[in-house]
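**Q** Take this structure first; my questions come after.
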Amino acid sequence: MRIQIARNVLWLVLERGLQVVFGIASIGMIARAIGPEGFAAFQYAQSLVLIASSIALICGAEVVVPRLVADRAPAAQHRLLVHVFALREAAAIAGYLIVMAVVALTEKNDVIVLTAIIIGIPILFYEPFGTVRAWLQSRTDSRPGVVFGMVGLAFRVAAIGVLYLAGSRAAPAFAWVFAGEAMICASLLARYYRKRSPRVAVSIDVSLARRLLRDGAVFWVSLMLLLLAKRIDQLLLKPHISLFELGGYAASMQVLDNFMMLGSIVASSVAPMMVYAQPTLARARRNVLYVATGMLVAGIVGGAVLAFCAPWIIALIYGEHYEAAADLLRLSAMASGLVFLDAALTLLVVYLRKPRWLVEKWFLVLSTMIVVDLIAIPMFGARGAVYGYVAGNAVAVMAGVGFFIRSREPMAAAQQAA
């Protein structure tokens with residue numbers, strides 16, 4: 001069983017690693033093709049879509065997978081998955097309609113409007129059809145989902161490469177690639193599940209849907225707050241600087257996000273054996289300290305290397321016209337240690353199954369970012385948004401340390417009971 005779990009984790013890590021590599025390659029070609037202003041419009045539209053897509057994160061794997069594991073009967077699992085898919089699809093449609101309404105009412109830039117409408121199409125596919133991924137996860141077999149994801153990533157890089165070599169300069173044209181990738185992945189997942197699912201009719205059970213909504217509400221809120229915290233900076237920054245400057249900021253943060261993803265990859269790789277498999281809270285807390293120490297050092301060293309190499313990295317990925325992004329990347333890289341440390345401290349919250357703690361943390365992070373951005377952006381422009389990013393991650397670490405201290409309470413109670 002341990003070998004199967006380890007193999008499953010390796011497949012997931014492989015997918016995340018390829019997402020980083022392919023993501024950098026594709027975004028670099030887009031940025032070179034459409035220039036800083038076009039790239040700013042593309043990234044701003046993507047930020048709007050990412051925030052709206054959080055609505056479709058209802059009934060997450062944290063709620064679905066345990067239910068699938070508890071009841072292995074194919075008919076019962078199929079019934080559950082149908083309800084989860086219906087809820088996610090309804091939420092996804094609502095999220096997409098919100099995107100269209102927001103850009104129609106608030107945006108005068110036709111490129112942003114059209115790009116947001118097109119790049120918002122994946123909202124309708126990723127999370128609803130991601131229900132199949134939850135089913136695969138419950139079977140400890142993520143390989144098919146990873147393979148389908150690789151197919152989609154390969155399509156994205158190939159299609160963007162063709163558009164780049166063809167000399168395309170239109171952001172909406174590149175947005176269609178992301179829509180096509182989502183449809184390909186969704187169709188492959190649906191086909192795989194259809195071949196293995198029971199052919200039984202499912203009637204809608206309102207009480208089951210209500211329970212799924214209730215049980216997943218806390219995870220849902222925490223994910224929405226997380227995604228808001230990740231992209232609120234660009235929404236607050238756009239009214240205060242030119243699209244050219246926003247393009248440079250978006251370029252620097254894109255590199256930083258891909259580097260920070262390494263922290264979550266490392267954390268998810270070591271978590272099953274180092275933390276989640278520990279029989280006692282004391283051992284889990286001790287191992288979290290080990291992981292946190294190692295990741296803090298890795299984040300600081302990696303951030304220093306990233307800051308030192310910032311001009312070469314920006315030039316390699318984005319080419320000309322993005323020189324300002326190097327200074328912003330050098331400044332924002334100082335938060336690397338904080339992000340890596342936060343990823344490690346979060347493992348204890350997951351171990352304790354305290355989703356409300358995550359809601360508390362991301363609410364504090366989001367509030368801090370908004371306050372700092374509203375004060376610093378008018379004064380410092382793009383650098384002000386970086387200050388907000390650093391401040392938000394500092395608060396995330398402080399919250400994580402606070403949760404670590406709070407976790408001593410159940411351990412002390414258990415010792416007294418013994």
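Cβ atoms are placed via backbone N, Cα and C, with glycine included.
Quick paste of what TrEMBL says about this protein:
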- 12-35: transmembrane segment (TRANSMEM)
- 47-69: transmembrane segment (TRANSMEM)
- 81-105: transmembrane segment (TRANSMEM)
- 111-135: transmembrane segment (TRANSMEM)
- 147-167: transmembrane segment (TRANSMEM)
- 173-192: transmembrane segment (TRANSMEM)
- 212-229: transmembrane segment (TRANSMEM)
- 259-277: transmembrane segment (TRANSMEM)
- 289-319: transmembrane segment (TRANSMEM)
- 331-350: transmembrane segment (TRANSMEM)
- 362-380: transmembrane segment (TRANSMEM)
- 386-405: transmembrane segment (TRANSMEM)
**Q** Looking at the transmembrane segment (173-192) and the transmembrane segment (147-167), are there 3+ C-beta pairs under 8 A, with each pair at least 6 apart in sequence?
**A** yes
**Q** Per the definition of 3+ C-beta pairs under 8 A with sequence separation of 6 or more, do the transmembrane segment (12-35) and the transmembrane segment (259-277) touch?
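**A** The answer is yes, given that the two segments have at least 3 Cβ pairs within the 8 Å cut-off.
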**Q** Between the transmembrane segment (212-229) and the stretches 147-167, 289-319, 362-380, work out which stretch tops the count of Cβ pairs under 8 Å.
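**A** If we count Cβ pairs closer than 8 Å to the transmembrane segment (212-229), 362-380 scores highest.
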**Q** For the transmembrane segment (362-380), find every same-chain residue at least 6 residues outside the stretch whose CB is under 8 Å from a CB in it, and list them.
**A** 222, 225-226, 228-229, 232-233, 236-237, 240, 387-389, 391-393, 395-396, 399
**Q** Grab the same-chain neighbours of the transmembrane segment (111-135) for me: Cβ-Cβ under 8 Å, and only residues 6 or more beyond its ends, written as numbers and ranges.
**A** 38, 41-42, 44-46, 48-49, 52-53, 56-57, 61, 64-65, 68, 77, 81, 84-85, 88-89, 91-93, 95-96, 99-100, 103-104, 142, 145, 171-172, 175-176, 178-179, 181-183, 185-186, 189-190, 192-193
**Q** What residues elsewhere in the chain lie close to the transmembrane segment (147-167), defined as a C-beta under 8 angstroms and at least 6 residues from its ends?
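**A** Residues 15, 18-19, 22, 25-26, 29-30, 32-33, 173-174, 177-178, 180-182, 184-185, 188-189, 192.
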**Q** Is it true that the transmembrane segment (259-277) and the transmembrane segment (331-350) have 3 or more Cβ pairs under 8 Å, skipping pairs fewer than 6 apart in sequence?
**A** yes
**Q** Mind checking which residues of the chain, 6+ beyond the ends of the transmembrane segment (331-350), have their Cβ under 8 Å from one of its Cβ atoms?
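**A** Distal contacts: 252-253, 256, 259-260, 263-264, 266-267, 271, 275-276, 284-285, 288, 291-292, 294-296, 298-300, 302-304, 306-307, 310, 357-358, 361, 383, 386, 389-390, 393-394, 396-397, 400-401, 403-404, 407.
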**Q** Can you name the far-off residues of the same chain, 6+ from the ends of the transmembrane segment (386-405), with a Cβ under 8 Å from a Cβ of it?
**A** 229, 233, 253, 285, 288, 328, 331-332, 334-335, 338-339, 341-342, 345-346, 348-349, 354, 357, 360-361, 364-366, 368-370, 372-373, 376-377, 380
